[in-house]
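Written out below as structure tokens is the structure these notes cover.
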Amino acid sequence: MGKFEVMDHPLIQHKLTMIRDKNVGTKFFRETVKEISTLMAYEVARDMPLKDVEVETPIAKTTKKELAGKKVAIIPILRAGLGMVDGMTDLIPAAKIGFIGMYRDEETLKPHEYFVKLPNDITERQLFIVDPMLATGGSAMMAIEALKKRGCSEKNMKFACLVAAPEGVKAVREAYPDVDIYAAGLDDHLNKDGYIVPGLGDAGDRLFGTK
Ligand code: PRP
Ligand code: URA
């Protein structure tokens, strides 16, 4: 079973609380999502494998650690996932970026896929799928399925979001038990319109100033 981790670092909690405020403008919202994403990248990368390498310091030769294993691809679920990419590449600058375009039908709450563009070597990479909101879980599950259809393994997938609803976490974990899930906050429930309560509203609209 993959892990489900709520990141309780004080800086993450503080910044998440700031962007929940409905009076916060687009610029501040976007900058803070980026900052939270950088902090989350640090935690999501915590179990990346290391290998021994020799290095010669100005004083002596020594054997120390460097990253081994799979290289990373960050996969934002469009649109809102885009807001988390730059924060993550600040820490993992060589990551390749793949895109999965998806929107949720406002009536049915079912996701619709409209775009997929992935690096050629996607099946060889450790995948960080990013989307600020995990609500019903429909979009996350369709993104995971799109990656599996192209040969990616669940075991190589980590899903990172800012706010998760218990309903979405349960759905994704039941359908894809090997995918690790990381959330900056776990909220109470979904309302009848499929919004996370208390949540932070529509993440895409708040990031890009649309409404
Ligand atoms: C939002 C959000 C997730 C999805 C979550 O995207 O960014 O992708 O809803 O809901 P779910 O877990 O119930 O599927 P939206 O469809 O609003 O598109 P956008 O990113 O273009 O705003
Ligand atoms: N998508 C959002 O952007 N916000 C929610 O609360 C639920 C889905």
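Heads up, residue numbers simply count up from 1 along the chain you see.
In case you wondered, yes, glycine gets a Cβ from its N, Cα and C as well.
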Binding-site annotation, TrEMBL, 5-phospho-alpha-D-ribose 1-diphosphate: partner of R104, D131, P132, M133, L134, A135, T136, G137, G138, S139, D202 in R79, R150
R79
Of the binding-site residues D131, M133, G137, S139, which ones put their CB under 6 Å from ligand 2?
M133
About how far apart, in whole Å, are the alpha carbons (Cα) of G201 (uracil binding site) and R79 (5-phospho-alpha-D-ribose 1-diphosphate binding site)?
15
So what sits near M133 (5-phospho-alpha-D-ribose 1-diphosphate binding site) in its own chain, CB-to-CB under 8 Å and at least six residues off in sequence?
A80, C161, L162, V163, A164, I196, G199, L200, A203
Distance between G137 (5-phospho-alpha-D-ribose 1-diphosphate binding site) and D202 (uracil binding site) at the Cα atoms, whole Å?
15
D131 (5-phospho-alpha-D-ribose 1-diphosphate binding site) - helix vs strand vs coil (DSSP):
coil
Among G137, G201, the binding-site residues in question, whose Cβ has the most other Cβ atoms within 10 Å in this structure?
G137
